[in-house]
Amino acid sequence: METHKHGPSLAWWSLLLLLLGLLMPPAIAQDLTYREAVLRAVDAFNQQSSEANLYRLLSMDPQQLEDAKPYTPQPVSFTVKETECPRTTWKLPEQCDFKEDGLVKRCVGTVTRYQAWDSFDIRCNRAQESPEPTGLRKRLRKFRNKIKEKLKKIGQKIQGFVPKLAPRTDY
């Protein structure tokens, strides 16, 4: 009878331990995807930044090393843009709208995809403004402007010539 009495108690404890084991996060850290590693680097940039507003990921370059080990530093490059949210907000950058004329920064560095290490070496600098048009675009723009001026002059000459073609009424 004693064994029968302890039977349900042992089953209950076993079930409880099983449920607790399922609810607990795994002790082994999982590897981050490339995108997750970049997003964590953006978070680290926001935490270390002295800027007034948060920055949000605008774009990221494709992963350069496909088969790299997760604990090996991998090169990353991405672009962030200033949001409307102040740095002191509790919002995630993904919840913030981009600032209309917000600063854009180009970031390069290395990250590890091994979640337990959280290793980032990122440098972000203000992105270059749109470069002045050079080469073919610049020549096409000049050509277009010359054509506009020539057409304007031709239009003025035609307007001056048309009144001379009208029949004279003073006989």
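A Cβ is built for glycine as well, from the same backbone N, Cα and C atoms used for every other residue.
Per Swiss-Prot, signal peptide is recorded for 1-29, and the stated evidence type is sequence analysis. Summarising the annotation, Swiss-Prot assigns disulfide bond to Cys85-Cys96, Cys107-Cys124.
Feature map: annotations from Swiss-Prot on the structure.
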residue: Cys85; record: disulfide bond; DSSP (3 states): strand
residue: Cys96; record: disulfide bond; DSSP (3 states): coil
residue: Cys107; record: disulfide bond; DSSP (3 states): strand
residue: Cys124; record: disulfide bond; DSSP (3 states): strand
Densest Cβ neighbourhood among Cys96, Cys107 (disulfide-bonded residues), 10 Å radius: Cys107
Separation of alpha carbons, Cys96 (disulfide bond) and Cys107 (disulfide bond) (Å): 20
C-alpha spacing of Cys124 (disulfide bond) relative to Cys96 (disulfide bond), in angstrom: 20
List of residues, in chain order, with Cβ under 8 A from that of Cys85 (disulfide bond) and at least 6 apart: Asn53, Leu54, Lys91, Pro93, Gln95, Cys96
Set of same-chain residues at least 6 away whose C-beta sits under 8 angstroms from Cys124 (disulfide bond): Phe45, Tyr55, Val80, Lys105, Arg106, Cys107
